[in-house]
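Below: the structure, in structure tokens.
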């Protein structure tokens, strides 16, 4: 009997996932708030898993694709939570999967520093281990290249090198070395044996039966979420290989039918079936365990669903958003809509905001008022020019049609004569009986009959005045 300390213990472990009918944002949102339960199907990835792993043991996990191997390793490493059952972990856990946790845009050296900081190593410890990690990884000059340029084997080497230099109590290797070359695998195997001799626990998930045989003390065979066998490699591996050979010999249709039947069993699984299995396995503890399972399910909160309080907050935020949108389409303020909601919906909703229009009109009026003096000055200048033009036009018209002139303010007989190209005597001759010693604005006087030279002189004079 093995008296070593138990490092990992799982009892009646299950993991249930909710399957949506179609992958869409609408279905995800409904599932989040819990309104899509009718369309969801329960898929039990793990069903009633129980086992123990002790100090210094290396345990392999084998099975076909979709058997639940990665789900089990993720639960043990704490990345996801189980649905029912208990998982007891005694020690620090480190997991390595092909490229797991790697930041593709960072270099290999930067990834070493990042992962070391995440597990709590100090800068001094990282610096002291950096060269050893790089040397063990065999990446050479590629250590300073971005990880996105690495092959899957190079990523596995880097991840494994980081893990073994963290010195954890429990190491989980999920297909981390299946893509590595034989030289590196042999070196890793030697390192793993050193850890095992130091009393460290190793959980190895792999499809490589050669590695499982060489590394592992015991093997767990998972078959579509159930433990098919758990024991020594020489006992379990032949049974598994026999099953694989049987499966491969089946016609394609029979293989698909087998997979469909097994997956349907995972869909049809229920808590009642779990309780029945517990009773058959251990009648003495059945009542206590059944109560524990029932309590766990009552208290279990699905990680991807919102709690009742969170749902209330989401609905309140949604209502607030809709209300604010309606207020923006009305002529009421937010405070007015809250004080008088009935009036808001019956009289104010979808009405233009007259207050804003009035405010805009007032602003425009102020702008117009402030600019009006400039406009008035401009208009006055324009009026003066028009008046002057009208005067000249009037004078010209008067000269050409009636040979008369209306005296303007500031005019004198000599100025009138000079502007129109006449002499004072010529004007006096056509205005007998008029006393030109005193003339006043508005007075009408006759001008001599225009001649060609006079007209030319008059036009030049008018142009100069303008």
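Counting begins at 1 with the first residue displayed.
Placed from the backbone N, Cα and C atoms, the Cβ positions cover glycine too.
Record features (Swiss-Prot):
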type: BINDING; residues: 63, 64, 65, 66, 67, 68, 69, 70; note: ATP binding site
type: COMPBIAS; residues: 373-384; note: compositional bias 'Basic residues'
type: COMPBIAS; residues: 385-403; note: compositional bias 'Low complexity'
type: COMPBIAS; residues: 449-466; note: compositional bias 'Polar residues'
type: DOMAIN; residues: 27-249; note: domain 'ABC transporter'
type: DOMAIN; residues: 403-447; note: domain 'LysM'
type: REGION; residues: 250-466; note: region 'Unknown'
type: REGION; residues: 356-403; note: region 'Disordered'
type: REGION; residues: 439-466; note: region 'Disordered'
Exercise. Looking at Cβ-Cβ distances, which residues of the chain lie under 8 angstroms from residue 66 (ATP binding site) while being 6 or more apart from it?
Worked result: 224, 259, 263
Problem set entry | Position of peak Cβ density within 10 Å, selected from the binding-site residues 65, 70 | 70
Exercise. Which has the fewest other CB atoms in a 10 Å radius around its CB: 64, 67, the listed binding-site residues?
Worked result: 64
For this session: May I ask which residues of the same chain, at least 6 positions away in sequence, place their Cβ under 8 angstroms from the Cβ of residue 69 (ATP binding site)?
Result: 61, 62, 63, 174, 205, 222
For this session: Mind giving me a neighbour count for residue 68 (ATP binding site)? Other Cβ atoms within 10 Å of its Cβ, every protein chain shown.
Result: 23
For this session: For residue 63 (ATP binding site), list the number of other Cβ atoms lying within 10 Å of its Cβ atom.
Result: 23
